[in-house]
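Okay, structure first, notes after.
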């Protein structure tokens, strides 16, 4: 058995530029991985079945699980038939705007590539990943990224300052499909550019924007309340990540971030995490 860490992500900004003919939306986003991890353990077993175990949580299992589909996709590409046990130690909240499922799938692709000695490049793995989900290539890319298209066209963003984030999840599961179905598109913006950084926290705060937030907040006003609580505990700015329901605050230092996370973790049903960027 070999184990791998699958990090969460946040969207520092998320702009919806329009609806495509294929039903997806054209996006422009700044995405960053953060130090909240699922642990994925992989071990080969007799036969050809791919089994998924995730103790303590209700997740799709078997081929309904994105991690299992990732394993099958890699086996198919390599022309391999193997049995596999996938054990997921789930720490990233589910359906929370943090990309946990996509990260798990990306980690399975990369882990099996190493374990089997396939030698597939990151680009080749990303080609498989995008078939599983739009966010999967980002976790294979392993850099802060300006993501366009459906989120699958990635350009590295350099110079992001060493800020801290506090992630707050109130235990609400939000359907990404529902959010996009209820999104009212505004006029397109054609002046968006890859952000440049000189290393200050204010540069991150100035970018905070999420077109999906108005939809989710209308149904779940608690998200707006969490933003205000983060600001009251020292956050320089706060935003919903992805389609929600997780909210993150931007902090200048670890001590203030950890104190805020401890405070917010005491609320019934809430989970809060002080995290740092993952840039390698």
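Any Cβ shown, glycine's included, is placed from N, Cα and C.
What Swiss-Prot records for 9 (among others) is active site. Around residue 9 (active site), the same-chain residues at least 6 positions away in sequence with a Cβ under 8 Å from its Cβ are 31, 32, 33, 34, 98, 99, 103, 135, 138, 139, 241.
Annotation comment: Swiss-Prot describes 93, 94, 95, 96, 97, 98, 99, 100, 101, 102, 103 as ATP binding site.
The feature active site is assigned by Swiss-Prot to 135 (among others). Under the three-state DSSP scheme, residue 135 (active site) falls in the coil class.
In sequence order, 8, 92, 242 are the residues of the same chain, not among 93, 94, 95, 96, 97, 98, 99, 100, 101, 102, 103, whose CB sits within 8 A of the CB centroid for the ATP site. Less than 8 angstroms from the CB of residue 101 (ATP binding site) sit 66, 67, 94, 133, each of them six or more residues away in the same chain.
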